[in-house]
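The structure appears right after this line, and notes come after that.
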Amino acid sequence: MAREKFERNKPHVNIGTIGHVDHGKTTLTAAITNVLAKKGQAQAQDYGDIDGAPEERERGITINTAHVEYETEGRHYAHVDCPGHADYVKNMITGAAQMDGAILVCAATDGPMAQTKEHILLAKQVGVPALVVALNKCDMVDDEEIIELVEMEIRELLDSYDFPGDDIPIVQVSGLKALEGDSTWESKIEELMKAVDASIPEPEREVDKPFLMAVEDVFSITGRGTVATGRIERGKVKVGEEVEIVGIRDTRLTTVTGVEMFRKLLDEGMAGDNVGLLLRGVQKEDIERGMVLVKKGSITPHTQFEGEVYVLKKEEGGRHTPFFAGYRPQFYIRTTDVTGQITAFTSDDGSNVEMVMPGDRIKMTGELICPVAIEQGMRFAIREGGRTIGAGVVSKIIK
């Protein structure tokens, strides 16, 4: 019997559960898999399967994350759930689990709490485009008015972080009751998934975006010219197309005269391919690791930006001592280290701090010594002597 082929007949969307500790994120995740499993759209998982999330390493940082997958009528979902609050912070900042949307879990018994706010803020800053609210533990609240008050409070909170509070669906659920097989609450899980299908937009495919490839290596082929190799991050590139070389030095235009993959010639390379691009009129000295090849006119290099950063603890291999404004580390951006300076910072809630301790989360302003292709929403690492001491995401380009 031939093996079954993975059918990519449904659009794929990445989501996750976020929210305050003990509001029921993991129980809800388990409930979703159990309810959908009854329709043959998931493998049922219990709380323990998800809660015992294995450790993963992303950019030198250890993160616990559980991954589950399931389907609805119209989509295939990959869903991430993190056991600890610190794991969420690291996960969202490193982009270890890219989210196209999230289910914000808030217990009706408590209403929004500190981490509810922090996760909404994080979602905004790292560019999670859409949220759906699961108002959990509704089986424990008899008074409909209390539920209405909590809903109003959540909507105001979402508004205050620039999410469309009035339009975001809030679905009353009970993860626990649904897990226990109570049909009333099982149908609420189905209602939640319909809201997710409808309100979380399908992400634009990487292949449809303008071409970009970060240069990993460069070599010359006698008689043919210079080849730049790397993985195409987005878009596609055809033989004969003009591309720009951006970053580190002045931007220059060249033409792609050949695309190779695994020593075979291609007409075009596309997102996800590891390719070598033969470039017309470019000397080996003109191009280096850390530059990017891009669709003409699609991107400009920058030196100043704002970022959200998680600074590693000593136990995670980070610094043992604090640092101050004016600190000069390396910023590892795409494929290379660029020296820069952290010119200013505040703590993540905007309050002023004199120094940054290992384990802190900060908003920072950075300035690089040479212009590089940085973009809003892009991830970077902060390194010192080749070891990672922080991870960040670009929240704003200054210049």
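First residue shown is number 1, and so on along the chain.
Positions of Cβ are set from backbone N, Cα and C atoms, glycine also.
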(message) According to Swiss-Prot, region 'G1' applies to one of these ranges: 3-10, 19-26, 347-354. Which one is it?
(response) 19-26
(request) Could you check which of 60-64, 125-129, 185-189, 340-344 is flagged in Swiss-Prot as region 'G2'? (result) 60-64
(message) Tell me which of 81-84, 165-168, 297-300 corresponds to the region 'G3' entry in Swiss-Prot.
(response) 81-84
(message) region 'G4' per Swiss-Prot: which of the ranges 136-139, 204-207, 288-291 is that?
(response) 136-139
(request) Specify the nearest of the binding-site residues Gly19, His85, Cys138 to Thr26 (Mg(2+) binding site), where nearness means the distance between Cα atoms. (result) Gly19
(message) List every residue in the same chain as Cys82 (GTP binding site), at least 6 positions away in sequence, whose Cβ is under 8 Å from its Cβ.
(response) Gly16, Ala53, Ile63, Asn64, Thr65, Ala66, Tyr88, Asn91
(request) Would you count the other C-beta atoms found within 10 angstroms of the C-beta of Cys138 (GTP binding site) for me? (result) 23
